[in-house]
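Notes for the one structure printed next.
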Amino acid sequence: MVALQPDEGTDGAVKFYIVRHGQTLFNVMGKVQGWCDTPLTDEGVRGAQALGRGLTGLEFAAAYSSDSGRAVQTLDALLDAREREMPGIVQPSWRASDARLREWCYGDLEGEPGERLHKTLTAGFGRELPMEELNRRLPEVADVLANADTSGRAERFDAIEARLRQFFLDAGRTTRAAGGGNVLVVTHAFVVRSIVYLLDPSRVNDPLKILNASVTEVAFDGEAFSLGAVGSTAWHRP
């Protein structure tokens, strides 16, 4: 595992700390939650707060979240806990929500039981696949769901990849132009999985599950992105 050391921000170096939102009501209920949204549970708030307390040793140049309420709520709870843990701590000078950080759109599966998504994938692939294989075939997963969607809203993988690449290029270049630093990003499980797949497919199953309020690290040198720790909860502080 990559050591949890803060970046110094020298030479315009940029490091993204990418957080999956805290646990939500639909997470507990086992419902499909992409562009639809439910609030954090009490446990979800506590997880975001524990992460915020653990991140007091880092200074962030900027903080972003998807525009989904659960991501915004997670970022609020995280930054508030960070301030309570260390009053007067320097908070990000720039904060914004961005639709490009949304979870995959699941079309007519939104809000449905997770079992329906599972059945859609089984039908699309012609057999039941283990999670490890689904992760290795992530672009096909998105396209199978899009092909089965009757609403026309579900996203194909190339569309997901395009919006994520553009966000991280824009945020990385903006931060480098201001001198570099750490960037906090709150987003979603399949967004994180997509980032891992795009940067290092060999690590797409490590870990198998991207936990709520976990942290994935990505460095940007102005030309390329490199993957650090994935899905780590080591930052949490009780």
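Residue numbers in this text run from 1 along the chain shown.
Every residue, even glycine, has its Cβ placed from backbone N, Cα and C.
Same-chain residues at least 6 positions away in sequence with a Cβ under 8 Å from that of H21 (active site, tele-phosphohistidine intermediate) are, in sequence order, L40, G44, A48, S68, R70, A71, Q73, T74, V186, T187, H188, N212, A213. A coil conformation is recorded for H21 (active site, tele-phosphohistidine intermediate) in the three-state DSSP classification, outside any helix or strand. Annotated substrate binding site per TrEMBL: R20, H21, G22, Q23, T24, L25, F26, N27, R70, E103, W104, C105, Y106, in sequence order.
Among the features that TrEMBL reports, active site, tele-phosphohistidine intermediate is placed at H21.
Over all protein chains present, the Cβ of E103 (active site, proton donor/acceptor) has 27 other Cβ atoms lying within 10 Å. The annotation active site, proton donor/acceptor is assigned in TrEMBL to E103.
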If you compare CA-to-CA distances from E103 (active site, proton donor/acceptor) to each of the binding-site residues R20, G22, T24, F26, which comes out shortest?
R20
DSSP-derived structure type at R70 (substrate binding site), helix or strand or else coil
helix
Given the binding-site residues F26, Y106, which one's Cβ is surrounded by the fewest other Cβ atoms within 10 Å?
F26
